[in-house]
């Protein structure tokens, strides 16, 4: 039955055979299109048509990610063996050399030898060696951070997107899907693009989560691996508020015992861990790092990706949507099918009268419709090809965008790491320089102490020499006294011999007295005439007393000399040990300073090597990125140019991409302008700071110059005063010389008197011997007197018997002869006694005269000693004044050293500001950078010339002071008595110390010149580095890093 329009129902249209011999696919697609022309989008027929295609696409896409997930699981959970090649965090290649537990942290660890020197050790940690490798190529990591293949950017999501697009193309060519309305083509295409970009971004974020540090992510969970303070790694065990402080805190169990607690603070436990492994830190100081061993964030992200892919594959027939868009683009310029049918129906109604003509016209129209349907199928196939090509191009563009973003992120991350390394090296360099300065100060202090100890040692040596000289003099005097004692002993022995001879003579006299009685009366008369024996002389007692005093004084001097010698020997030993200790410490500190210098040099070389490596890597990344962009342009230019419409659509797409790129470039340019403005402000601020520092430095230099001039004038006045004092000392020294001559004359007189005293003592000894002999002779005279009385009695008896006995006349004559002889001997003895008395009186008179002379000389000696004491006091005062002048000169040299150190410190701060200015100038545009560089060079030359002039002036002043000091020292040497070696040694030590101070000041001036030259070389090097950095386009990450540091 026919409709009122005269056409057959659409259900029978499928019975016509294809006149061109189309395949079944074309007929099926035509029947579907014919059936959908009269039905709506939400009809059951439409749902049946779209259902199989979507389910098939979903099945195709959902079956693909299975092997990929299994492969990734094997990479993370597979068993690693020693010698296997792996990648640490997916970016650092190396070979496994150790698997197992370690002593520095609990759990399982993997030791890897990296290909590049970007590690942390040489296989040994904490003094324990686990494997052997070169320095900075060994690293210890968790096995969960190792992969058997390098991690590529956006690998998983790109695979899903490619598979989904493949499924769409298959469904498009199969023709099983029904296209929806044309009004949904543009937003669905945008959704496809957004989904592809989103998956690319998710893949990039997944890579960054697995292989690098996420800076802005503060969503921390229990079990996440984090980095605390930029140096300490660990696992999150607690997140929330605490009792010991306000705000959000994060409790971390560290990998190494570098913490402060065991999870409990102030009696409250927040988590459990070993001691020294727990650490609490604010959340803003904690950064989450990749490969969390127990973190659920990875599972959530993979689940979210899987849901995104499944949603994309299960969406209502994305292939049919693309086919509908192509149909809409091809049918938009020609009449629709419904209009064509109405036209044929109107023609058929006008010619209804002729059935034959109508049937022919109907056949023609039917053929025309079939021809149009065939053309429509061909165009649809071509549009499907074009859309697939566009999808591929969009996919490639998305991949290139993701790769570009990944390259930019990696470059920024590497640059940030390089900056952190440079900053750490700078800090270490500053710390090492500070330590070097401290060690240098310590060494200078030790040198000063060693010099002082050497000076004191010289003084002690001079004192010991003086004491030795005194000991020698005392020994000589002792030898003289011993010689005198021996001489006195010999004289005593001689006197004893003389007394023995006298005794023999007395015995002979007794025999003669017994023989001759006649001499008894004469001897008695002589004895009566001789007076009583004289008393003992006081001169002998005085001489004995003086001798005892001399002996006691010699003993005391000997005892004091021995005590002083022992004391000074002990002090000399102690000072020698202290000097040895100081010398050993000085050598030790010198060795430590040399080691620190070597470490600083090694750190600087390693820093430069790392900077060169990072620059080469950045250059290679930039060249690879440029090559990829050129390849993309080549592929876009070399596409198929069969039809004008496809080229137009591609051009429109490219124009849209160009517009997006222009918008991004505009945003980047605005951002760059903002950063350049900020850098300009920073540069202005740095210039102002530099100008202020320069003004301050100029003021300080002027102040130091004035202070130096004042000190120089003060030193000149002090030197003038010292010269006046030296003149006074010269005059006093002349007086001392005159007094010394007088003292020497008095000493000679005293020696002469001592000799006379010794002679008088000898004579007194002789006198004593004579007195003893006289006493003995008196005793003998007494005995003779008794005998004489006996003889007188006998004579009286003889006289009474004279008359009776005449026979005895002859005997009496004999007795008279004997008495005559006895009288003669007694007279001889009396003469001898008179002579001895005269000699004794003469000797006593001489002793009195000598005593008077000795007392006068003693008075003169006392007055001379008083003068000598006063002159010695004056000499000590002059020496103290000279020592004060030398101390002032030493203090002036110390102030010069301090001023030179201050100059070095100010120059160091000025160089730091200049480095900051150079870094700021490096990011400025070309002409402005050149202009600032020229200005900086000119300022640098001016400052360098000023520093050289200052150094030259300081050297001239130092040489002038050295000359004045040498003149004053020469004058001082001319004024001082050459016979005083301690003063000469002391002044020589002072001269050596002042020369050392001047030499140190000159060395420091040379060091300042070397620093100026080194800073000039550093400025040239930084300029070349800034030129290379600006040529490679690295300044934008530097600015971003600076802004992050400011925030």
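Cβ atoms here come from the backbone N, Cα and C positions, even for glycine.
The model shown is predicted, which means the values in this text are computed figures rather than measured ones.
Swiss-Prot lists region 'Disordered' for one of the ranges 175-195, 196-216, 217-237, 238-258, namely 196-216.
Scan Swiss-Prot for phosphoserine across 295, 315 and the hit is 315. Your range for region 'Disordered', going by Swiss-Prot and the list 996-1021, 1022-1047, is 1022-1047.
Of the residues 43, 980, Swiss-Prot records the annotation phosphoserine for 980. Just one residue in 50, 171, 317 has phosphoserine written against it in Swiss-Prot, and it is 50. Here the coiled coil (355-525) returns a mean pLDDT of 82 for the predicted model.
Listed as Cβ neighbours of the domain 'CAP-Gly 1' (100-142) (distance under 8 Å, sequence separation of 6 or more from its ends, same chain) are residues 80, 86, 88-89, 92-94, 255-256, 274, 291, 293, 606, 613. Using DSSP to sort the residues of the domain 'CAP-Gly 1' (100-142) gives these counts of helix, strand and coil: 0 helix, 18 strand, 25 coil.
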